[in-house]
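As recorded in Swiss-Prot, the features of this protein are as follows:
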- 122-226: coiled coil (COILED)
- 283-315: coiled coil (COILED)
- 387-414: coiled coil (COILED)
- 30-39: compositional bias 'Polar residues' (COMPBIAS)
- K376: N6-acetyllysine (MOD_RES)
- 26-47: region 'Disordered' (REGION)
Amino acid sequence: MYPNPLIYCTCWDPWNLGPRKLIKTPQLPRKNSTGSSKLTPLVPAPKNHNYLQPTKPVVSPKMKIHSARQEETNKSFYEVINVSPGYQLVRNREQISVTLGDEMFDRKKRWESEIPDKGRFSRTNIISDLEEQISELTAIIEQMNRDHQSAQKLLSSEMDLRCAEMKQNFENKNRELKEAHEAELSELENNYKAALKAEKLAAQEKLEEMGKEYKYLKNMFRTYQDSIYDEMEEKWSKQKAKWKKDEKFERENILLQQKKKMTKKFEMESGEEDKKINESCSAVFENFIQEKEELLKQHQSDTLQLEELRKTKEVPWRRDQINRHWHDVLQQLLLMQVMQEELHAQALILESLNTNLYYTQLELQKEKAIVGNLEKMLQTKFAETEEKYKHTIQILTEENIHLKQKIISKNEEICEGCSGRLASITVSKDDSDTVQDGSKKGQES
């Protein structure tokens, strides 16, 4: 855009890189180089010498697409500018490098040979040169910023115009679409209402027909249910009578078996108890006889002593002692008789208790057997009734399914008949319309 190649405008940025920092090259040593030109390494500029203010360039979408397309082709692109003999500038999309050759230093040697009195360049001359370069660069940067601001203003105005146009187009299209949508919605609502009315009429007719058929089927099912109930009651009464007979027969058999078992047990237990009672009575009787014999022996000894005392005519206190002894012996005899009577009474009581226990055990066993038989009979009855009811339930469910299938088939037939009638009605209406149109045309002609 500009004749000077050093000027870089941010508005013209094909690589989409934005502003770059100026790279300051270090000073070469002042020794006279006799060989070929050496490249100096590039060092990024410090923060003190960052004279450029980074600004983001305003890039339109078209320029972005153009830059993205050119990135692949311009990867290896670089530009070489010879500013002066011995001072070469290389500009790439990422950096700017400067090369100082021998020619620049040879020129200094010539100046020294031509003007030997002046000597070498002083530092003041170098500083003045650098200040001139800095002033030129600041002017370039100011020009770039002005160009950038003007380009940004132009692009913003163009974008505002385009946005306004796009908004207006969008509003117009949106209005047209809304109008078309409202018209379509109104048409669809009208069509839907008409279809709903027709379907409601057809559904009411179907409901009336279905109600009549349902009443008929309900009455038929009730009669069938009553007949099945009567049959089930008859079968149940017969089975009940059979169960009662079987129960009586089984009870009699069980009671006879238990009676035999209990009689055998009672005979065995009574024999053992008789043996025990006889043994106890014999032991008591033997003890009584032994005690009786001992008492008789004592009595005889006492009588002998009395006779001896009578003969000797002892003192009367001895007689009192003997009388007391006889009195004690008689009391013991009376106690023995009482004990025998009590033992006999207790034996009778034990026999009565044993008999009562035996009879109670028999009754308990009978009741247990009756309860067990009743439980078994109830379980068998429950199982049989469950099986019978399951069978009846299965039969009834199958019949219900069959009836539902019949109802569905009849409904389908009715629907087909209604659809055929509607088709015939529509065809007849179309024929009548065509006939009326033909008659009107003939009258007009």
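Quick reminder: no glycine exception, Cβ is built from N, Cα and C everywhere.
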(request) Note the mean pLDDT of the coiled coil (283-315), expressed as a whole number. (result) 74
(message) Validating a neighbour-count step here. Other CB atoms within 10 A of the CB of K376 (N6-acetyllysine): how many?
(response) 11
(message) Can you tell me whether DSSP puts the residue listed as 'N6-acetyllysine' in helix, strand or coil?
(response) helix
